[in-house]
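Over in Swiss-Prot, the protein carries these features:
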ACT_SITE  H152  active site
ACT_SITE  K154  active site
ACT_SITE  D159  active site
REGION    1-39  region 'Required for mitochondrial localization'
TOPO_DOM  1-9  topological domain 'Mitochondrial intermembrane'
TOPO_DOM  33-220  topological domain 'Cytoplasmic'
TRANSMEM  10-32  transmembrane segment
Amino acid sequence: MRPLRWQVAVVAAAGLALALETLPAVLRWLWVRRRRPRREVLFFPSQVTCTEALLRSPGATPSGCPCSLPHGESSLSRLLSALLAARVSLELCLFAFSSPQLGRAVQLLHQRGVRVRVVTDCDYMALNGSQIGLLRKAGIQVRHDQDLGYMHHKFAIVDRKVLITGSLNWTTQAIQNNRENVLIVEDEEYVRLFLEEFERIWEEFNPTRFSFFPQKERAR
């Protein structure tokens, strides 16, 4: 009987060790299953608040901001927080992009090593105040259209998991003055569809496909 008891003890110990080894993975799985997917709606115009704490550069020492702006939460700060949650990738498909705060957030993600890709409209990227030139100067990949229609999308995809979309152009005018809406949705199917659209446009706007004399080409 002693050998049998010894074998039972060994099996029990091995089972316990296996259970302890797999417990963290099981707990993570249960947490993911129980966690509610993100569903958030933001309305604009946004209250003007200080966003310096969110946009602090990597390695910067935390310090209180002396500005006179309110330091509470706003629609803009919540949008910034959703963007800055990116750890791996950020796809942006934007008609107009001139907000300095949102531009700083995108550059900050690039500095952190997040892969950022931007698709925008060729006419609006050339306007005064556009952030597109600064993004390109920082080394961020940007592509634009070359046709008569507008690239009028307004969406972002964070880590291929979270979709941010709505009526909002990423401009100070829209953020502070216009009545706009933004949806922040964690939904696999919606993200997949928008990501497919982004990849389709990204490939269509590949600069190697461009004609530098489109008017002459059409005249032929």
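Quick reminder: no glycine exception, Cβ is built from N, Cα and C everywhere.
Looking at H152, K154, the active-site residues in this record, the fewest other C-beta atoms within 10 angstroms of the C-beta turn up around H152. Across the topological domain 'Cytoplasmic' (33-220), the prediction's mean pLDDT works out to 92. In sequence order, A85, A86, R87, V88, S89, L90 are the residues near D159 (active site), counting only same-chain partners six or more apart with C-beta under 8 A.
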